[in-house]
C-alpha cells in the first residue's frame, strides 16, 4: 500500500499483481472529481443569499433563514444518500445517481433564470417572480441538495476505501487514509475558492443565467472524470442488505439496551467493539459538531451581507463581489492543509507517537476553539464598522458603501478557515473511523447531518433573535445593517462557541476509540 504521497505511486513489488486497484492512483481521480463537484455546487450555494435578496427580492432576515434552512437540508440529505448506498446501490452507483441529479437541478436553475431575465421589466426594479416560478426554483434547489446528499458521503467514502486497512496489514494504511482526508479537503477548498471568486464574478457581472450554466458545464466534466477513473477503483464488496439491516439492528439494540434478538446478539459477538454503545458514544460529539456548525454557517450568510456594506473597490475599476470574500476561507484551507499534513503531523508524531500526530478529537477541539476566536473578531470589526457609519452620517444610507476597506473583515474569514481546516476534516475522519465497516458512508453522513442540524439551528436562532429584538426597537439583523447590531449577535455566537468547547473537552477526554492505537 502506498504511503501518504498524493501523486507518486510506486510500481508493484515482486510477486504482486500488476492489476491491483486502489491506492493513491484511484484516490487521485476522486480528489479531482471532488474539486469539480465543489466548484459547480458552490457556484450556487456561495452566492445564494445575493440571488434571493437580488433578483427574487427577499428581505435579508428571511433570505438568511431560508439559506440556512436549505443549507441544513443539504447537510442532512447525505443520510438518505448514504443509506441508499450502503443498503442497496453501492457507493459507485450512488455517485453516478448524484451526477444525473446535479445535471437535472442545475439545468432547471439555468432555465428558470433565463426565463426570468427574458421577462420585460423596468431598469429600476427586478422582474417579478410568480408563485409558480418561485416553486420551480425551490424544486431545483432541493433537487440540488439531494444530488449533494448522494455525492458527498459516497464519493468521499469511496476514496477512503481505496486504502483498505485489511490489505496485508500494511502499517502505512492508517497514515495514508488520514492523509487522504487532508488532500480531499485541500481539493474541495480549491473548488470552493475558484467558485466564490470566478463564478460569483460571472453571476454578478455576466448574469445568473451564465453563472448557473457554467455550474452545469462543470458538473458534466466532473461526471466524465469520475467515469474515466472507474478502471482504477478498488472493487466494492457486494452490497448485503441483510448485513446492513443486521448492523443497524445491533446499534438499536445497544442504544435501547435490548437483548431480545438472537441475530443481533450473534452480530455483537462477532463485532463487540462495533455494537457496544456506539450511538451513545457518538452522540455528544455529534451535538458538539452541530453547535460548531451553527457558528460557522455565518460565513455563507451574515458575513457576506456584512462585507457587502464595505468599500469593495480594488484599484480603479474592479469591485469585489461580496461572496468572493468567502474565498479567504478556502485560501486559508489551501495554505493550511499541506503545512498540517507535511510539517505538523511529522513533528507531532515524533512527540506523541500517534500516526496522525494528534487524535482526531484533539484536532476537532482546536478547530472549535478557533471558531470562537473568529466570532469574537467579527464582533469587534462590526462594532468598528457601526462607529464609522455613525461618524460618516450613513445610518439611513444603506445604499452607500461604508468608508472602510473590505480587508477589515479578512481576519474573521481567515480564522474561520483555520477552524474548518482543523475541525471539518477531523470530524469527517472521526465519524468514518468510529462506525462499523459496513456503514462507512453513513458514518460520513452522520457528520454531515450534524452540520445540517447546525445550519437549521442557526436559521432558527437568526429568526428568534430577529423577532425578539424587533419588539424593542431596531432588529439586530435589520435589512438596514447600518441600524442593525450584528456585533451583538456575533458576541452571542462567540459565547455559544466557548460553551461548546468546554462541553466538548469534557466528553472527548472520556471517549474510547474503536482502535486502541488511536487512544493517546
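Just so you know, glycine gets a Cβ as well, placed from its N, Cα and C.
In TrEMBL, the transmembrane segment annotation falls on 21-41 of the listed ranges 21-41, 168-188. Tallying C-beta pairs under 8 angstroms between the transmembrane segment (130-147) and each of 61-83, 95-118, 208-228, 361-381 places 95-118 first. Here the transmembrane segment (61-83) has Cβ contacts under 8 Å with residues 45, 48-49, 52-53, 94, 98, 141-142, 145-146, 148-154, 157, 293, 297, 300-302, 305, 439, 441-442, 444-446, 448-456, 458-460, 462-463, 466, 475, 477-479 of the same chain, all six or more residues outside its ends. Against the transmembrane segment (278-303), stretch 488-507 has more CB pairs under 8 A than any other of 21-41, 95-118, 208-228, 361-381, 488-507. Looking at 95-118, 208-228, 323-340, 361-381, 401-423, the range that has the most CB pairs within less than 8 A of the transmembrane segment (488-507) turns out to be 361-381.
Looking at 95-118, 208-228, 323-340, 361-381, 401-423, the range that has the most CB pairs within less than 8 A of the transmembrane segment (21-41) turns out to be 208-228. The transmembrane segment (323-340) and the transmembrane segment (95-118) are not in contact, since fewer than 3 Cβ pairs between them lie under 8 Å (pairs 6 or more apart in sequence). Tertiary neighbourhood of the transmembrane segment (208-228): same-chain residues 29-30, 32-33, 36-37, 39-41, 43-44, 47, 51, 55, 95-96, 99, 102-103, 106-107, 109-110, 113-114, 117, 155, 199-200, 202, selected by CB-CB distance under 8 Å and a gap of 6+ residues from either end.
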